[in-house]
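Feature annotations, courtesy of Swiss-Prot:
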type	residues	note
MOD_RES	11	sulfotyrosine
MOD_RES	14	sulfotyrosine
REGION	10-18	region 'Required for CHIPS binding'
REGION	21-30	region 'Involved in C5a binding'
TOPO_DOM	65-69	topological domain 'Cytoplasmic'
TOPO_DOM	133-153	topological domain 'Cytoplasmic'
TOPO_DOM	227-242	topological domain 'Cytoplasmic'
TOPO_DOM	304-350	topological domain 'Cytoplasmic'
TRANSMEM	38-64	transmembrane segment
TRANSMEM	70-93	transmembrane segment
TRANSMEM	111-132	transmembrane segment
TRANSMEM	154-174	transmembrane segment
TRANSMEM	201-226	transmembrane segment
TRANSMEM	243-265	transmembrane segment
TRANSMEM	283-303	transmembrane segment
């Protein structure tokens, strides 16, 4: 990818920050990987092992519960998106090891990176949807009792997947391969044909819909849930606070570098020193974003109960309790203060 201009980011080192500009100077390539690339490879390896196993377990647990619990619908869709994203990691790994050479052909250049992007954005939007559901359970319990059903949950998931698909379309439409000779390699990237306005518009839309809006949803929903929980408990446990901080902070920390570098590069000239520096950090930023795909199962387990209880209980059983427990809407016709507090505490693990 030495001869590529980076523009709007995408997942992989054949990403949307790569545009095909033959006038861009070719960097001198070394057989030694850069330090950011090496760090990215290490992160990808860890995320692959933890993410594939963890999300596969979540899919297995929730698949048996989707017919009777709404929570299982949320977490099944989220785990599927994260699981598919993690399965694509060998593609990114192979590209980095070969100095960003794309060995999979032109059709795969359009399809594979776009599928990666689809699953990643679906994961983000589903996470925001789950947080909104938790908010409604706490603040609109009567409405949830009357209208919160499996059909509505599946519709919400379909909307999240549909919006993720829309965010992915530019990657599919503008992605092409380019053959380079110094050194010999095939590069996969997007070509906006020097249309900077279109490139910047894509970057801004992805930043707003794929990061700022979900982040705002997570922050607002969990802040109000936290305030309600604390205001109605005689003994204010720090457990709820820890879960809220873990969810919001992990999303913000791991996605921020990718989104910031992406929007900056869409507005910078490819020859600028800042652009070239961000280009070298691309692999590391993508790997950080990928951490969010494997961290959710970890949060589920930690939020389930104390460490001693986890040692006495099988992991599948623990996950089943965390992921499929339903609100007290189904158990009671009226929501007392104690039941609302209990539900608010138990539905934080997203």
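Keep in mind that glycine also has a Cβ here, set from the backbone N, Cα and C atoms.
What you see is a predicted model, and the numbers here were worked out from it, not measured in a lab.
Shown for the topological domain 'Cytoplasmic' (133-153): DSSP residue counts in helix, strand and coil, namely 18 helix, 0 strand, 3 coil. Note on the transmembrane segment (38-64): residues 72-73, 75-76, 79-80, 82-83, 85-87, 89-90, 92-93, 96-97, 283-284, 286-288, 290-291, 293-294, 296-298, 300, 315-316, 319-320, 323-324 of its chain, located 6 or more positions outside it, place their CB under 8 angstroms from a CB of the stretch. Averaged over the region 'Involved in C5a binding' (21-30), the predicted model reaches a pLDDT of 51. Packing against the transmembrane segment (111-132) from elsewhere in the chain are residues 10-12, 14-15, 74-75, 77-78, 81-82, 84-85, 88, 91-92, 104, 156-157, 159-161, 163-165, 167-168, 171-172, 175, 188, 210-211, 213-214, 217-218, 221-222, 247, 251, 255, 289-290, 292-293, 296, 350: each is 6 or more residues past its ends and has a CB under 8 Å from a CB in it. The list of residues near the transmembrane segment (70-93) in space but at least 6 beyond its ends in sequence, with Cβ under 8 angstroms from a Cβ of it, reads 11-13, 41, 44-45, 47-48, 51-52, 55-56, 58-59, 62-63, 104, 112, 115-116, 119-120, 122-123, 126-127, 129-130, 133, 148-150, 153-154, 157, 160-161, 286, 290, 293-294, 296-297, 300, 323-326, 347, 350. Counting residues of the topological domain 'Cytoplasmic' (65-69) by DSSP class, helix then strand then coil, yields 0 helix, 0 strand, 5 coil.
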